Amino acid sequence: MKVDFDSLNNIFFVGIKGSGVCSLACFLNSKGYFVEGVDVPDKFYTDDILNNNEISYYENIYEFSLKELDRSFDLIVYSSAYDKDGLQVLLEAKELNIPILSYSEVLGELSRKHYSIGIAGSHGKTTTTAFLGILFDKLGLNPNVIVGSSVKDFGDNSAIAGISDIFIVETCEYKKHFLYFSPNMLILTNVDYEHVDFFKNYEALEDAFLQYINNLKKNGILIINSDDKNLLKIKSQINREDINIFSFGSRDLSNFQISNIVVKNEYFCFSFLGLYNIELRTVLFHNILNFSAALLALNLFLESNGKSIFDFEEVVKRVAKNYSGIKRRSELIKEKKGVIYMDDYAHHPREIRATLFGIKNFYKNKRIILDFMPHTFTRTKEFFDDFVEVLNIADVLILHNIYLSNRENFNPDELSFKLFLNIKKINKNTYFFKDVKDSINFIKSLLISGDLFITMGAGNNFILHDFL
């Protein structure tokens, strides 16, 4: 279904607390549309984003009726986390002939109207999108940006509503949602087997990425991370002569190599694209790759418009050095009584490994206390042995019951406790609390000066920081 956004006034979002849906709601709100929504009463970090944008929302999604609204709406946008045919509000909208689009369909519609840059990958797409949005914004290019988290450089917002034709968007591979998007430029950060409830094997996931590459507009630009062997395999299967492919990475397999990588205090320093001694404020090596992907995209865009990245060298280096992070990505929450408190969204074994090793390497003398909440039954079951291995990197581990997605109806108790028992055999400093809040007093008794406490996962254990 195609929608003329110029003719719309009021847009209602079903599942408005989802990271991407929230960002889209904020984006369209900033564009002048009247926006409201509905979701569950559970607290998410997106509550703060919506409240800061003065977007009102209901919290009774399973009982909600359009009759509760005091105005009519021109469009209903829904999150794929919910069954389109299972919610009363969507069934009512269908009966009333109100246009209904998924979040991904709306992004697709918008992408066809702009010079669109899509960022995709199993890991790092949120950070890369944020980096690219910050760079374009600080260079005065007035971009439109939608990213799946709160970005401090956006004023703790998750979207920028610019006045240019540039549309920078984080796009997701789950259920092939990114196939709605039609980019002029596409950045691929990496590919890892994930979303096992939908992709029955790695080959199915790989095929989805190849399909996405085929969505590139004619003479489009593809940027890939050549440090990722799976992306190199995908690159070898591309059968389009009308697109331009560029690679970057820390090895000499790439067209554009990152070099001179050293750690200096809280910065990673490196050289890229002829810019020397870039100081990136981060504790994680993979953020060098994410920033370099964004920098390469910016450079290619500038060159196509008769400019050079060297014209903006001072601004680029300032962005890197002053980078203040994004919500739930190795986020420093606070320091209190000698304890560092952090939060991270990592929920796949590869992400967990990279984040924990990065933190251990940076904070060499800290005891790492990890509070982890597994996310989705299917992911935990599929990567069970990998979770056992990577969660042992922490010095002390606190586990909780699996946080199920809205699409799952499994009982998580048995698998959650099995994960705990298997890790406990290897690391005796492993503890289990089915409910997050039941662990508060234990954690308080555990922490001493010199510790680093980090909550991790795509569940809701981040709420612990409100009590510690």
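Keep in mind that glycine also has a Cβ here, set from the backbone N, Cα and C atoms.
Annotation comment: Swiss-Prot describes Gly121, Ser122, His123, Gly124, Lys125, Thr126, Thr127 as ATP binding site. In the three-state DSSP classification, His123 (ATP binding site) falls within coil. The Cβ of His123 (ATP binding site) has Thr189, Asn190, Asp192, His286, His348, Arg350, Glu351, Ala354 as same-chain neighbours under 8 Å, each 6 or more residues away in sequence.
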For the recorded ATP site formed by Gly121, Ser122, His123, Gly124, Lys125, Thr126, Thr127, which further same-chain residues have Cβ atoms within 8 Å of the site's Cβ center? Ile119, Thr128, Thr189, Asn190, Asn290
Neighbour count, 10 Å Cβ-Cβ cut-off, for Thr127 (ATP binding site): what number do you get? 29
Counting Cβ atoms within 10 Å of each candidate's own Cβ, which of the binding-site residues Ser122, Thr126 comes out highest? Thr126
Here the 10 Å Cβ neighbour count for Lys125 (ATP binding site) comes out at 26
Write out the long-range same-chain contacts of Gly124 (ATP binding site), meaning residues 6 or more apart in sequence whose Cβ is under 8 Å from its Cβ. Thr189, Asn190, His286, Leu289, Asn290
Using a Cβ cut-off under 8 Å and a sequence separation of 6 or more, which residues in the same chain sit near Gly121 (ATP binding site)? Thr128, Ile187, Leu188, Thr189, Asn190, Val191, Asn225
